[in-house]
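Quick look at what TrEMBL annotates:
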- 7-20: compositional bias 'Basic and acidic residues' (COMPBIAS)
- 120-257: domain 'Peptidase S54 rhomboid' (DOMAIN)
- 1-28: region 'Disordered' (REGION)
- 38-60: transmembrane segment (TRANSMEM)
- 129-150: transmembrane segment (TRANSMEM)
- 162-180: transmembrane segment (TRANSMEM)
- 186-207: transmembrane segment (TRANSMEM)
- 214-233: transmembrane segment (TRANSMEM)
- 239-257: transmembrane segment (TRANSMEM)
- 285-307: transmembrane segment (TRANSMEM)
Amino acid sequence: MAAAARYDVEQGGRGGEGKYRPPPPEQMYPQREREREWVPWFVPVVVAVNIALFAVVMYVNNCPAHAASTRRGGGGACVARGFLHRFAFQPLSENPLLGPSSAALQKLGALVWDKVVHESQGWRLLTCIWLHAGVVHLLANMLSLVLIGLRLEQQFGYVRIGVIYIVSGVGGSVLSSLFIRNNLSVGASGALFGLLGAMLSELFTNWTIYSNKAAALVTLLVVIAINLAIGILPHVDNFAHIGGFLTGFLLGFIFLMRPHYGWMQRYVRPSDIKYTTKKYLPYQWVLLAVASVLAVLGFAVGMGMLFKGVNANDHCQWCHYLSCVPTSRWSCGK
């Protein structure tokens with residue numbers, strides 16, 4: 001019987017039908033970890049909420065109804081009043097971004113230093129990241145969110161990316177309030193820069209799993225530098241960008257740490273090659289600990305300074321240049 005069985009196997013082997021085929025890796029190594037790819041839904045929901053809230057702001061704004069009382073001596077008329085009716089945009093002389101008035105934005109939660117500090121409306125630090133100054137502003141931010149956020153959410157899931165997005169937005173609002181007192185601020189830019197900062201720290205903390213490290217680092221730094229450089233133009237709140245970026249950079253070390261390359265490849269390496277039994281490397285834990293301490297201290301100090309009414313410009317005479325650099329073509333105002 002044994003000889004016949006061996007003969008059958010050999011015969012099958014010659015014809016190819018009985019050739020041994022190893023099972024797939026997930027059956028050979030059921031304990032092997034495979035990176036999960038998430039189906040993104042947080043980013044699409046955020047985009048939908050921002051669009052819906054912009055429609056709400058335009059409804060409340062109601063440019064045609066307020067045009068008669070606010071227009072002075074031949075001022076501009078509402079844009080696209082003929083077919084948008086109540087949702088018509090403010091005159092371009094008032095809002096070139098095709099959007100509502102500053103009064104409507106302030107009414108629905110824009111970031112205003114005086115109301116946050118003197119009227120205890122700290123909730124504006126959060127609500128302002130869901131509002132936008134106009135269609136141009138909204139489209140630019142939502143396109144950036146889709147391009148950046150979808151990939152991150154696929155890799156890390158909605159919980160971690162959601163926390164980074166929202167907390168970075170608040171971090172940007174805090175830094176903006178410390179330096180800008182006379183202008184209101186709206187937009188998701190701080191939260192978006194938080195995702196960029198998290199991408200950079202994720203590259204550092206997961207350095208071992210990247211093959212083209214230099215190319216990835218240079219590309220990311222160039223993108224960040226260009227976006228920060230745009231922030232020195234007038235009417236752009238670069239402090240929100242910087243605050244969001246720094247917050248996201250620290251949170252990336254905390255939430256986006258992944259197992260190192262040796263751990264992820266431990267089942268496909270030859271048996272004679274030794275690998276570490278630790279899932280994360282020591283430097284990853286050090287970065288996580290340092291980032292955690294800095295993030296907590298940063299928020300504590302920033303919030304404390306803000307609600308005490310501290311003007312950060314008094315402690316940094318040159319910092320205003322980080323948000324606007326005056327030239328012969330434009331001024332930055334007070």
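Cβ atoms are placed via backbone N, Cα and C, with glycine included.
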Residues in the domain 'Peptidase S54 rhomboid' (120-257) grouped by DSSP into helix, strand and remaining coil: 107 helix, 1 strand, 30 coil
Feature contact check the transmembrane segment (162-180) with the transmembrane segment (239-257), CB under 8 Å, 3 or more pairs: yes
Integer mean pLDDT for the domain 'Peptidase S54 rhomboid' (120-257): 91
